[in-house]
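Annotation comment: Swiss-Prot describes Lys74 as active site, proton acceptor, evidence class sequence analysis. Per Swiss-Prot, shikimate binding site is recorded for Ser23, Leu24, Ser25, Thr70, Asn95, Asp111, Tyr223. Summarising the annotation, Swiss-Prot assigns NADP(+) binding site to Gly135, Ser136, Gly137, Gly138, Ala139, Asn158, Arg159, Thr160, Ile161, Ser162, Lys163, Ile221, Gly247 and lists sequence analysis as the type of evidence.
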Amino acid sequence: MQNSKYCEKKIHIALFGNPIEHSLSPLIHKNFSKEIKINYNYNSFLCTKSNFFVIVKNFFQNGGFGCNITVPFKKKSFQISNKNTKYVKISNSVNVLKKSSNNNIIGYNTDGIGLIYDLNRLKYITENSFILILGSGGAVYSIVYHLLKKKCCIFILNRTISKSCILVNKFKKFGKIFVFDKNLYTKKFDIIINATSCGLYNFSPKFPKNLIFPNTKCYDISYSKNKKLTPFLSTCRDLGSRKYSDGLGMLVAQAAYSCYIWFNILPNIKKNINLLKSII
């Protein structure tokens, strides 16, 4: 039986980003729609920097109910929302938008809780974990706060040091976060997270290869299809890591929390991770 609160008409949800042709989000939300018995469609829109704002605003003006934002527009979408949650105000990064009953566009971010869910599922993270994050873009802004809430000690490695410094200065009041430097080349990190978009273009980010040990947990927030490793994870495996995972679990978890924001129903995350793995 369809959820009576949303049975009047089909609900329009969307994904905005670039690139998007690889995205599994439409498939995930198709499964969610069946599970929670709410009839919503989920369409993808390829955007450019010049038309992103226009396309998203047109979507909401023409009956759009909610949307996800992916790379490279998570920081830009902060400028679209006219109301934001506390965490979004901290991170200045949005991956979920929802139109409220009084026509406000409210910004949320589910990347951080999605990542923590998956790192807990994999048993990768504990309080006080030493974590190296590769990258300093919108995806990193989305996840750092939740890692600091776990009392993790974070180091940021990015090819542009000034961007790392800006990020660190923004979040240092919430916990231990530092810019990676050459004095850490022999440091043993508990987790190394690739939060760059390099995998979308089929290459691994550059990082000191001597940081990989057999027990180093390597995590890529990107994911790959057909059970192939992402370029980053392939590199880590070849360097000797025995523990590595892509971000498929994070993707499903953040999507489920997005669904909860839109419809106040949380799909079964574990079941949908297993379902997706069996399909792709």
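The backbone N, Cα and C atoms fix where each Cβ goes, glycine too.
Overlay of Swiss-Prot feature records on the structure.
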| residue | record | CB count, 10 Å |
| --- | --- | --- |
| Leu24 | shikimate binding site | 16 |
| Ser25 | shikimate binding site | 22 |
| Lys74 | active site, proton acceptor | 24 |
| Asn95 | shikimate binding site | 30 |
| Asp111 | shikimate binding site | 31 |
| Gly137 | NADP(+) binding site | 18 |
| Ala139 | NADP(+) binding site | 27 |
| Ile161 | NADP(+) binding site | 14 |
| Tyr223 | shikimate binding site | 22 |
| Gly247 | NADP(+) binding site | 25 |
For the shikimate site (Ser23, Leu24, Ser25, Thr70, Asn95, Asp111, Tyr223), what does the 8 A shell look like? I mean other same-chain residues with CB within 8 A of the CB centroid.
Leu15, Gly17, Asn68, Leu251, Gln254, Ala255
Just jot down the residues in the same chain as Gly135 (NADP(+) binding site), at least 6 apart in sequence, with C-beta under 8 A of its C-beta; none if empty.
Leu157, Asn158, Asn194, Ala195, Thr196, Ser197, Pro205
Which number gives the other C-beta atoms within 10 angstroms of the C-beta of Lys163 (NADP(+) binding site), all protein chains shown included?
16
Tertiary neighbours of Thr70 (shikimate binding site) (same chain, Cβ under 8 Å, six or more apart):
Leu15, Phe16, Gly17, Ile20, Ser23, Ser25, Asn95
Pairwise Cα distance for Gly247 (NADP(+) binding site)/Leu24 (shikimate binding site) [Å, integer]:
12
Given that the record lists Ser23, Leu24, Ser25, Thr70, Asn95, Asp111, Tyr223 as binding shikimate, what is the largest C-alpha to C-alpha distance among them, in Å?
17
Protein Cβ atoms within 10 Å of Ser23 (shikimate binding site), excluding its own:
17
